[in-house]
Amino acid sequence: MQSYVLEMKGITKEFPGVRALDNVTFSVRKGEIHALCGENGAGKSTLMKVLSGVYPYGSYDGKIYIEGKEVRFRNIKESQEAGIAIIYQELAVVEEMTVAENLFLGHELMRGKYIDWNRLYSEAQKWLQKIGLDIDPETKVRNLTVGKQQLIEIAKALSKNAKIIILDEPTAALTDSDVATLKNILCDLRSQGVTCIYISHRLNEVMELADTVTVLRDGQTISTDRIELLTEEQIIAKMVGRELNELYPYEPRNVGKEILKVDHYSVIDEQTGREVIHDVSFSLKAGEILGISGLMGSGRTELFTSLFGAYHGKKKGTVWIDGKQVDIRRPAEAIQYGMAYVSEDRKKYGLVLEMDIIKNSTLVALKKVTKWNVIDHALEVKQAEEITKRMKLKAPTLEAKVSQLSGGNQQKVVLSKWLLNSPKILILDEPTRGIDVGAKYEIYKIINELASQGVGIVLISSELPEVMGMSDRILVMSEGRITGEFQRHEATQEKIMTCATGGK
C-alpha cells in the first residue's frame, strides 16, 4: 500500500456567519490521481486554498501533513517550496511573455545579477519535452490555445519540483483534442510518481482518470472511495445528498401555437464574406423546448445571435414572431418582441461581474424599476428579491458582487435578469456549462417551469444527454445547415451524431 503524500485532518474554516469547512479529512496517496468532487459551495476551493497557503496557518483549525511531516504554510510561497502547485480554471499566464519566461516567472535562472537566457530557454525546452509539448520556448503565450497554455502551467509546476499538482476544472475551456492531450499527460505524471488532485464537475472524466474519489458536501467529508467501487450515479447521490432518479426532470406538456417561424434564413459574415448560415427553416411553439445540437462550429450560436440581432452579418430570409413578420437588427428590438438570450459565456456577455446581484438582475427591465426616468432603489430591491427567490438563488446578500457567486448561482442571476422581462421566447446557449450536477438539476426544473407557463425555449447544448433528456423536439446543425430533426421519442445519440457530422 502506497503511503500518503498528503493528509489534512480536522480542517475547519469559518467566515463571518458561515462555516465553509467542518472537520474535513482529506488524504491522498503518492502517485495517484485523486478526484475531489462536490457541488459548488461544497468547500472544494476553500479546502485547496487552505492547502496552498492562500488561507494561512492560524486562519483555520486542523493539521496538514506532507509526507508525514506537519506543515504550517503562512503564504503561497511556502506551499510551493513544499512541492504544492495549484492550477486554476482562470490561468495565471502572462500572454505578452514567451513560454520560457512564463515557465520560470518568479524563479528565474540567473547568472550573477542578470537572467541567463541561454540556460532559461534550454531548461524550458527540457520541461516542455517532459510533458510532450513540441513548441518553441520563445513563442509568445498569446499565440497558444487555451489547452496549450494550461500545459505550460503544468510544466511550470514541474519546473518547481511539484510533488502535488492541484487542477481546478482543467478541461472546462478545452477542445476535445486538448482534453485528450491533458489526460495523456496526467497519466504520464502518475507513472512518474507525481500526485494530482483533480477537481471537476465532469464525472465522465473523473470515472476515466481518477484512482480515488473524495466527495465533499456542505463543508464536510462525505466519503473517500476507490473509483472501481463507484458508479457515476453513486457519486452524484453523495454530492447532492439524495438520489437523482432522473438527471433530466422532463415533464410532458401540451404545446401551444407557433410563436416563432424562420423561413429560408441565411447569414453572411461581414468580415470574412463567408455564408455561416445556409437556408435554414424551423419553427418554435409556445411551451415547447426545442433542442439544438451540433458540433463546435456548426453555426448554432451564429444562427440564434443573428435572430436576436447580436451578430454582425448580412441576413436573407423571413422571420415571424406571433404571426407578424419582423426584421430584428439590434438586441433592443428583439427584447421588444419578447425575446431573451442567455449567452454561452455568462461572465463576458451575461453579467457585470463587479456589480451586485440587485443591479444585475434588473439590467434588462429598468423600466420596471424606474419612476419619472429615475431608478427607484426600493422598487429595484423588491423586484430583485422576488425574481431571485423564484430562482432559489443562494447568496449571503443581494448586495454581494456576482463575481463572488458560484457558477450555478451566477447563471441563476442571468436567468433572473431576463425573466424579470417576462419573455415569450427564451434562447439558452449552453445554460449548464461549468456548473455542478445539483445546480444543473435546479436549472432544468426552472426550464420546465417556464415551458409549462407557455414560454417557448430554445436549448442549445453540446451535451447530447442534456438535449435528449430535456427537449420535446431536436434540430441538428452541421456547417450552418439543419441536417436533422427528431421528435423526443425518435432521437438517439447515434442518429444525432450522424447528422452532426454531415451524414443522413
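Note: Cβ is positioned from N, Cα and C throughout, glycine not excepted.
As annotated by Swiss-Prot, ATP binding site applies to GLY38, GLU39, ASN40, GLY41, ALA42, GLY43, LYS44, SER45. Around SER45 (ATP binding site), the same-chain residues at least 6 positions away in sequence with a Cβ under 8 Å from its Cβ are ASP168, ILE199.
Look at Swiss-Prot and you will find 6-243 tagged as domain 'ABC transporter 1'.
Per-residue confidence over the domain 'ABC transporter 2' (260-504) averages 90 (mean pLDDT, predicted model). Taken from Swiss-Prot, the feature domain 'ABC transporter 2' applies to 260-504, supported by sequence analysis.
Within the same chain, residues at least six positions away from LYS44 (ATP binding site) with a Cβ under 8 Å of its Cβ are LEU36, CYS37, GLY38, ILE199, LEU216. DSSP assigns LYS44 (ATP binding site) to a helix.
Long-range Cβ contacts of GLU39 (ATP binding site) within its own chain (separation 6+, distance under 8 Å): ARG217, MET239, VAL240, GLY408, ASP436, VAL437, GLY438, ALA439. Listed in sequence order, ASP218, LYS394, SER406 are the same-chain residues six or more apart from GLY41 (ATP binding site) with CB atoms under 8 A from its CB. Between the candidate binding-site residues, GLY38, GLY43, the densest Cβ environment within 10 Å is the one around GLY38.
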